[in-house]
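Pulled from TrEMBL:
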- 5-149: domain 'PTS EIIA type-2' (DOMAIN)
- 165-261: domain 'PTS EIIB type-2' (DOMAIN)
- 289-677: domain 'PTS EIIC type-2' (DOMAIN)
- 300-317: transmembrane segment (TRANSMEM)
- 409-431: transmembrane segment (TRANSMEM)
- 451-476: transmembrane segment (TRANSMEM)
- 482-505: transmembrane segment (TRANSMEM)
- 541-564: transmembrane segment (TRANSMEM)
- 576-596: transmembrane segment (TRANSMEM)
- 608-637: transmembrane segment (TRANSMEM)
- 657-678: transmembrane segment (TRANSMEM)
- 700-776: coiled coil (COILED)
Amino acid sequence: MELKDLFKKEISFFEKDLKTKEEVITFLSNELLKNKFINSKEEFGKAVYRRESEGSTGVGDGIAIPHVLNSTVKESAIAFVKLKNKIDWQSLDDQPIDLVFMIMTNGKDGNEHLSALADLSGYLMKSNVQKTLRNASKIDDVKKALSKNETKEDKKTNNDGGYDLIGITACPTGIAHTYMAAEKLEEYAKSKGLTVKIETQGRRGTENKLTKSDIENAKIIIFGHDKALEGLSRFNGKKVLDTSTKEVIFKGDKLIEKFQLGEGLKTIKAAADTDEGSGELTLKKFLDVKGNLLGGLSRMLPFVVAGGIVLGIGFLIDFAAGNGDAKGLFGVTNPAAGWFSAIGKTAMTMMVPILGAYIAYSIVGSQGLMPGMIAGLLSTNVMKFAYVGKFSDVKEWDGLFTKLLPSNIAGNESGFIGALFGGYIAALLVFGWSKAMRKFPKSLTGVRDIVFIPVISLLSISLVMFAINIPLGYLMSSIQSGIQWLAVNNLLVVVSVLIGFMMCVDMGGPINKIAYAIGNLAVSSELIKDSTLVGYDQQTIVMASAMVAGMVPPIMIAASTIMFPKVWTLKDKDAAKANWLMGACFVSEGAIPFMVKDPKRVAVSAMLGGAIVGLVIGLGKVTLSASHGGIFVFALLSSKVADSSGTLSGLSIGAGIGFTLLGLSIAVVVSALTLSFWRLIDIKRGVLILDSTNGVKESLNNKLNRFKNLLEKNNKYEKKVLDLKNKISNYETYENKLKEKQNIYLEKSEKAKQEKLLKIEKNKELKQQKKEHRRN
């Protein structure tokens, strides 16, 4: 498949008058759905915005290459838009764009298209191709510009097989920046008379792979990447210039000069390649706390969500079988209920071990999986071997760790906290042992990686967990005692409010995931383990607060577009329609596109709503025994205010649903009003500028035309026509005043920006002067 074959006439557009990035994305989503290239424009739009939130796809030179890899795509293709006027796309070179290439694939229809998609990135770096595309007026012009015979270019190489400059490029998606960076680096090298070979690690695999001879003979080595590189052990002992794809694309010539001057170089030392290509083991990976935490939490969530829902099914079956008063045996009394509950509990039991395993994995790769999981298993004592367990029949194998401890020191489970620390420590141990054994003979490296490092890592992490589980166990016990104390004194509402607030802070970020994970600990009875203690039956108030608060942001957006339609654009109002369903299903991601556009107002308003939900849920002592599902698991809500006996009854379920709907309604109304008034005030001040029409003027004009037609038949509509003309005139006056205020605000903002830049430049000059003074 050639690149040109992915362009289709029905999704190629020329001289389109679109004003913003959002208009382009909405326009293409509608056209792709209409022409049956995608199944859902909402899902497609979400995927586009998700990729844009990771970093701009405006690649410079007036070109944007948004790209989507999603199952909603029916057929791999490239949609093309040549804009009438340039628009802002937050490009890497801060310049507006006029050419948009929307790459879409589902990743399932073979590898040929990956090759073609990757070629596009390289071709678009060529100035002659850009010029041809900007002069194109029909699809045949585009195909001709991107056909192989038009773009073919001889690569300059050395006959002896050596290269002056070599490098590797890679980006997270492996479609655009990987190949653009390679193309630009080749271009920069050739302009300096250098022979060049660039290895690409993209969606179509590793291509143009650098050989041992290439590496040994190279004079300049440059890495341009935004993800971990594979095969770094080839470069052990070599000096390289390590940077991002953006730097390579826009400053490749400066990078070459920088290497030649010996500036900013680093030496690759003891790089260890794993089967997952984790790349070089470096202490820098330990500093990415957010990334490592999300690495563990994101892998943990499928166990939690699926296990929680299946466990909920078990509870529903037992309730339907008349066992709502079974208390400690609720969910396992009926055999069918017990079958589902066993599956759910098994999945949820793996929650903490998986967290520890994948925190370690995100830092040191696959070598960290085993010790990280052992750290998690010892944190939760799932198998009861380490610490005393209630349900072990073979007492000789029960609590083996505690037999080594003095009688006045109790070894304990450290749970979620132990897995967090254990995952990090496991990674550190693997890192340390790998460094210590880096000088093993090559003939023994296989034995080292398969036997020595795993065995020593297992023993060392077990020793560490044996020690730290004592203080961390006491810490976990203190937290459990604190939650129990709050329950006894009817103060669990404080935790409920906090969890509701946290769920709406970053909508899918680390704070949101931590809050959700705490709720899931409650579902699996990890916050208060002893069923005889006060608060055991109330701990899932935390889960109810987490789920219902997560429903607030998308519903808040949808409600705001109806309550105050003037403060939203037409496309915002259209996109928000899906948020009713997404919010009802506890899919918070529906709010993300709106948060990306207006982060401060959306986030603060949502946090207010989340806290309100937490307050009402806490006051109503509403519990939830399932971890996900939105309105579809409302039947598992139960209020301890209505029935404090711990049984599930019609009264407690009804009260639980009632408190939940009350809290959700108040939260949505208050947060939607807060968001709407905030936007309204800032629009009137000129601080907030809508990126496209809100439809008010268009609606008035449509009404005017309709009544004008009626006026020709009946004079009684004359007053209505005059009223509408006055409204349109008043609205135009209002719009003109707004534009004046907006211009004043923009001028002030630009002035403040310039002053800030001048201040930064002055500071740089002062620092440089101080450096020169010290040298002298």
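Cβ coordinates come from backbone N, Cα and C, glycine included.
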Criterion met for the transmembrane segment (657-678) and the transmembrane segment (541-564) (at least three Cβ pairs under 8 Å) | yes
Taking the transmembrane segment (451-476) as reference, the highest number of CB pairs under 8 angstroms among 300-317, 409-431, 482-505 goes to 409-431
At least three Cβ pairs under 8 Å linking the transmembrane segment (300-317) and the transmembrane segment (541-564), pairs spaced 6 or more in sequence?
-> no
Sequence-remote partners of the transmembrane segment (608-637) [C-beta within less than 8 Å, at least six residues beyond its ends] = 304-305, 307-309, 311-312, 315-316, 331, 348, 492-504, 519-520, 523, 537-541, 543-545, 547-549, 551-553, 556, 583-587, 653, 655-660, 662-664, 666-668, 670-671, 674
Given the cut-off of 8 Å on Cβ pairs that are 6 or more apart in sequence, determine whether the transmembrane segment (482-505) and the transmembrane segment (409-431) share at least 3 such pairs.
-> no
Residues in the domain 'PTS EIIA type-2' (5-149) grouped by DSSP into helix, strand and remaining coil = 59 helix, 40 strand, 46 coil
If you run through the domain 'PTS EIIB type-2' (165-261) with DSSP, how many residues end up as helix, strand and coil?
-> 41 helix, 27 strand, 29 coil
To what whole number does the mean pLDDT across the domain 'PTS EIIC type-2' (289-677) round?
-> 82
